[in-house]
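Data first, discussion second: the structure below is written as structure tokens.
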Amino acid sequence: MSSSKKIVILYGSETGNAHDFATILSHRLHRWHFSHTFCSIGDYDPQDILKCRYLFIICSTTGQGELPRNVNALKGERPVTFWSFLKRKNLPSNLLNHIQTAMLGLGDSSYPKFNYGIRKLHQRIVTQLGANELFDRLEADDQAMAGSNKGTGLGIESVYFEYEKKVLSFLLSKYPNRKVNGQIIKREELDPEVYLEPASYLQLSDEHANEKFTSTKVIFEGDESLKVGRVNINKRITSEGHFQDVRQFKFSNVDKIQENYEPGDTVTIYPCNTDEDVSRFLANQSHWLEIADKPLNFTSGVPNDLKDGGLVRPMTLRNLLKYHCDFMSIPRTSFFLKIWTFATDVTKMERGQEQLNDQREKLRQFATDQDMQDLYDYCNRPRRSILEVLEDFISVKLPWKYVLDYLPIIKPRYYSISSGPGDPNIELTVAIVKYKTILRKIRRGICTNYIARLQEGEQIRYKLQNNHIIKKEFLNKPMILVGPGVGLAPLLSVVKAEISKDIKLLFGCRYKDKDYIYKDMLEDWFRKGKIALHSSFSRDEENSPGVKYVQDYLWRLGEEITNLVVNKDAVFFLCGSSGKMPIQVRLTFIEMLKKWGNFSDEETAKKYLKEMEKSDRYIQETW
């Protein structure tokens, strides 16, 4: 695939949705012979912006209306990221007036700061620096309750395809022809059977070409900010009879470096696949076995996606599958877009060519069907993995050299720190993801399964992420901490940091004797006067009479808490699972402001809450 600095596709992605849609757009442009630059916003070289004429951005939002981490991720030797360059105050207001741009935001209206990520980019790039819009910014909503798909009942993919259609329509009308060998010819779409070869792919290394690396010892190169930790404690803190396994997980730096972190900061953990799953994948693609342990290198440089967390050495197919390839994830559209042409092995088909054609057609349908219902029913509903898809479609014979193009890269996972500043151990509180699907198959989260398997003394790769959630001016302000379940994790760090002498902690779980995590410590803090503790148990009425959820306790304490918020500038910190809980807490908080805060109506109460969010006095960290 050729690249050009004139047309640029950038993405900011936290969970992979924006990356996947940007990949599809890039794929479509290449098939129409539009050379372009394609990378994350953080990987884009600011110096190239003066050569850019058409800028297409797809970006999600994370945390408190923040841009995804790969927008600010600084890699290589560049002194600044593209975004940090754009934020410089001395830039002229017409800096980007040579650019025509189109933006797509992906968001979830259940979060207070819906699509703030793309709005920040739009405000700076278009409003303040003069870029021209090809068409109005599109905003997709996971809930279909706001944005461009409001009230349609359609998912975010419907907004993406509207965006793609507009982008292609513009480019094809602007450039209906292209030059080939000095001749002007009509622009036509590439034959769908042709695979788009990536700029850099794998090949057998000339060095040690006849060797096989069978040792399990590996190292990771190319990421200077990567750290190594040693596991000190990994114990279950929910009862054995409870369905949810929650771990107290402690580790320390192997070089005994004292880590510097604050309440609200997170740890980035780099997981890997199991050896059993890697063997399963190789058994499915049995033609890989012969070279699975031979040394490999790249034809043209290491892809940027592999630099975060370091590249495994020795670099073999087996090690890449274990440490970098996320083949146990649910496949996205771009996976099918790239692999359907490899359904070629008729020798495995009981019905011969007819069955092969059926498999090819179905895979292609998953790649191109815009309503995506079949893809959702086949992959998302049963949480079917890429490996299971390959085990279903046995005609697919994948070329190993493109493995890092069609398989997604394992993304690191982020966990809130539970320990207090200065603790030599970094402590996490981790809910192990394990459940059964409609297929009655057990599913496990790749990172929590990795953590659950770790033994004391084993090593992990990690980084620290400073989020600066709790501001210095909040020191000694009253704090209301609300955290059901493992939402308690970052709140523990707040209490341990002793940044306030007036803390109310509202904790919720199902049962007092099953999943009341850190019960002894919380009650000890209560006895010593460090916190006012209010615990609710949703399935245990005997121990929680009249109070089922954290929002019930919030309402019961409404007058007292509202007084602290309105008259004493208290900070409200909400943590836990996204979905109904944060919405219900927010609605309860608004009702409290109306009843006890002297706000006459809903609008004035909401306005006050917005001001709290703006000044970071109402903090919502949900996942």
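Every residue number used here counts from 1 along the chain in the order it is shown.
Even glycines carry a Cβ here, placed using N, Cα and C.
Remember, predicted model here, so these are calculated numbers, not experimental data.
Take the FAD site that Swiss-Prot assigns to ARG383, ARG413, TYR414, TYR415, SER416, GLY445, ILE446, CYS447, THR448: the candidate from TRP32, TRP83, TRP623 listed for it is TRP623.
Taking every protein chain shown into account, SER13, SER416 are the binding-site residues, and of these the Cβ with the most other Cβ atoms within 10 Å belongs to SER416. The binding-site residues considered are TYR111, PHE114, TYR414; of these, TYR414 has the fewest other C-beta atoms within 10 angstroms of its C-beta.
Taking the C-alpha positions, the distance from THR448 (FAD binding site) to SER13 (FMN binding site) comes to 21 Å. The shortest Cα-Cα distance between ILE446 (FAD binding site) and any of the binding-site residues GLY16, ASP108, TYR111 is the one to GLY16. Using Cα positions, the member of the binding-site residues ARG383, TYR414, SER538 nearest to SER60 (FMN binding site) is identified as TYR414. Ranking the binding-site residues SER60, THR448, SER538 by C-beta neighbours within 10 Å puts SER60 at the top. The Cβ of ARG383 (FAD binding site) lies under 8 Å from the Cβ of ILE330, THR437, ARG443, each on the same chain and at least six residues away in sequence.
When secondary structure is read from DSSP and collapsed to three states, ILE446 (FAD binding site) falls in the helix class. With respect to their backbone Cα atoms, SER416 (FAD binding site) and SER538 (NADP(+) binding site) stand 24 Å from each other.
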